[in-house]
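Participant: Take a look at the following structure, please.
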């Protein structure tokens, strides 16, 4: 319950910031274009706080925190007095209306650059993307990837840490091939470029990582069988496991690596497992019944809410991504461009069917991401805000009526035919666009629930 509440609070904060940025873009440009703004609202529904500013605009925070809006004076929906006609949105020139509508997404992109700029100036801990394990006969093994190699680039884009590697791999979902530039972990010798055949790459984001589906895992420090965390009210606590216990046997088999424990728990949802642990020099036998979690396609795995002791990272594998003021700005622009490219690429692949609808995420996934990154720290939360802000900006530019991109599409048509698109056509477009948007939202929310 505590995690759910924390995720909800972080989600509300994140959404409030991003919606405020987006709507402020519309508001600010509208005011600069001479349009009267009647209301600026964060959220929908009944207002829980509001005030009228000196400019005559009503500023409001509403009960439903799933968006916001800017209400401008508009002759299409209100009777506008003759003396205020020049301040109505619909009376503005085509370029002014286009500027007002496009300002929301543009401000989202600018905010992302600002957030990444802060991230790179503050600095974020990172580890070198060194390969730890390669599964025999996997796609990675066939391409010649080996343990100890450091991934320098994915398809020519530098990858200083695992986050950038993961972004690069995800960007190739649905492609036939990609290249990975590698070197030894010590940096000795020349870099090698490996071509990865992706035709047999079956990647389900609900069950594994992109690199796991390719057949390799990151290097991780030694993981012992000693428990350092037992979640309250979890299956491990109910079984009597305690922090400090060392797992010796699972179902009578000696435990040589922690992965054996993970495999046993995941393969026994709601089924008893005999566990022997060492506690204060004594051997203790327990019965663990893992809880169950349903993944995609009805697959059910077990989980117990326990975590092992992990050794410290070697010093030569750790570093901090931190730069000066001006270099951070350049890095922020570069990072934002990479995220934009990845998001646009994924949208295209979604449209043509190269990427399945099960990759869509909704508000529950966003809330979990907000809570997790906020728990890690301010700089991680900032990075999350930048990522979601870019996605929000791009989604709003999709040419579907009801979105900013739909309005811009109507304006483009108006520029060609030299008259506004007929109201009936716009109304039909809004209905079709609304149906598509709500259908995609339903799929995204369904995906969220399958991942719980």
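Placed from the backbone N, Cα and C atoms, the Cβ positions cover glycine too.
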Participant: According to Swiss-Prot, transmembrane segment applies to one of these ranges: 29-51, 52-74, 75-97, 98-120. Which one is it?
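Facilitator: From Swiss-Prot, the annotated transmembrane segment range turns out to be 98-120.
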Participant: Restricting to the chain of residue 23 (active site) and a gap of 6 or more, list residues whose Cβ falls under 8 Å of its Cβ, or answer none.
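Facilitator: 40, 41, 42, 68, 69, 70, 104 - these are the non-local Cβ neighbours of residue 23 (active site), listed in sequence order.
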Participant: Under 8 Å Cβ-Cβ from residue 26 (Zn(2+) binding site), six or more apart in the same chain: what's there?
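Facilitator: The answer is 70, 100, 101, 103, 104.
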Participant: Long-range neighbours only, meaning 6 or more apart in sequence with Cβ under 8 Å: which ones does residue 22 (Zn(2+) binding site) have?
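Facilitator: Residues satisfying the criterion: 68, 104, 105, 107, 108, 392, 393, 396.
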